[in-house]
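Structure first, then comments.
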Amino acid sequence: MSDVKLDQKRSGVRSIAAVLIFVIAAALTPVAMLGNWGHATVVNSEQFLATVGPLAESPQVQAAVSEAVSAAIVKQVDTTAIVGDFLGGLLNNDQLSASLSAPIAAGVNKLIGEIVQGFIASDAFQKVWVTLAGATQKSVVAILQGGNEGPVQMQGDQVVLDISDLLTAVQSQLVAQGVSLADKVTIPASDSQIVLFEAPAVAQLQFVYSLASPILQWFPLLLAILFGLAITLARRRPRMVLAVGVALFVAGALTTWALGVGKTFFVDQLAGTVFGGASGIFWDTLFNYLITGLQGLMIFGVVVAIAGWFAGSSRPARNLRSHVVAGLTEIGSSLPENGLSTFLAVRADTVRWVITAVTVFILVVGSVMSLTHMIWVLLLAGGLFTLLQVLIARKETGATPADIASA
């Protein structure tokens with residue numbers, strides 16, 4: 001076999017490998033984003049509290065919690081019967097007692113509701129909420145690991161929230177406000193548990209978590225390595241860079257759309273429950289970190305796609321590249337010659353690869369879900385590439401801008 005045919009065969013194998021790796025990386029992109037969000041938000045207790053902690057100040061959440069707690073307490077207090085017995089002994093007139101007991105009981109129930117609302121809006125509730133949120137985070141992690149303990153538990157296919165600790169705190173507040181009968185109320189477990197939603201696929205989720213949990217934190221870095229390998233193996237690297245950018249943008253857009261569908265399903269699941277009014281704000285708050293990360297991913301995808309097109313061989317790209325390089329070369333040629341320019345000019349391609357690798361590493365190892373972090377890193381990379389071209393311009397002034405642009 002001739003050397004030419006052997007080179008063609010090797011080139012074909014590399015191209016096939018590049019495409020396969022690219023497809024795998026593109027398919028894993030949504031999984032990597034979800035996995036990184038899960039590790040950073042759900043598994044990390046500090047981030048979880050920072051995410052859901054502010055929900056205690058949400059009017060929708062406060063209204064939902066007030067309704068749930070008030071309903072559970074009023075159900076057990078049975079103010080109508082208590083007021084009726086009291087009036088019967090006081091008035092000794094059953095008909096009059098019956099006619100007065102209902103409005104008086106309604107007033108007592110309203111008073112209980114107002115006291116509960118006052119407690120929910122107080123700083124004391126903030127502390128209870130943080131404690132409940134911390135226990136909830138541990139419960140969710142336990143469920144993912146196959147356990148079933150804490151305020152959030154699986155009962156069949158139902159995800160159930162136990163608010164007994166919150167009810168106890170509210171009862172103490174009622175007693176402190178003069179509603180002494182609340183101290184004699186014992187709320188059964190069935191009334192202190194609220195069904196949040198159906199989750200028939202928990203077993204599958206536990207299986208996926210058991211496999212992926214060791215690498216959740218490093219998923220974005222693994223993804224970057226796969227895309228980098230696909231670019232390295234590709235025969236036409238600018239075209240592969242363009243494809244990577246498009247894949248990142250599409251993955252971010254599709255995942256954002258899927259989250260929108262998931263939100264609709266979640267809100268529908270809680271519709272008609274006491275938490276129905278707060279379901280939307282809860283979803284938006286819980287997934288805000290992920291949504292911000294997806295926005296950053298789409299921006300990064302656009303930047304990568306533009307970079308791939310800019311480095312490509314199309315006539316518009318070559319013309320634009322020629323003008324940009326000419327402008328930077330003109331700036332650089334006016335600078336005094338120095339040893340750094342000589343050093344960089346000899347190793348320009350290597351330095352460009354280093355800048356690219358460091359940029360990607362900072363992106364995926366840092367706060368990959370932070371839109372601000374993404375923008376600043378991209379601006380830094382753009383500045384470094386521009387500075388490199390300016391510094392090496394004097395050594396390249398012997399070539400025309402078109403020659404430099406096509407290099």
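Cβ atoms here come from the backbone N, Cα and C positions, even for glycine.
TrEMBL entries are annotated by machine, without manual review.
Per TrEMBL, transmembrane segment is recorded for 12-34, 215-234, 241-266, 286-311, 350-369, 375-393.
Taking every listed stretch (12-34, 241-266, 286-311, 350-369) in turn, the largest tally of C-beta pairs under 8 A with the transmembrane segment (375-393) is reached by 350-369.
Residues 29, 33-34, 36-37, 40-41, 47, 51-52, 237-253, 255-256, 259, 263, 317, 320-321, 363, 368-371, 373-375, 378 of the same chain, all 6+ positions outside the transmembrane segment (286-311), place their C-beta atoms under 8 angstroms from a C-beta of that stretch. The list of residues near the transmembrane segment (350-369) in space but at least 6 beyond its ends in sequence, with Cβ under 8 angstroms from a Cβ of it, reads 36-37, 40, 220-221, 223-224, 228, 289-290, 292-293, 296, 300, 344, 377-378, 380-381, 384-385, 388.
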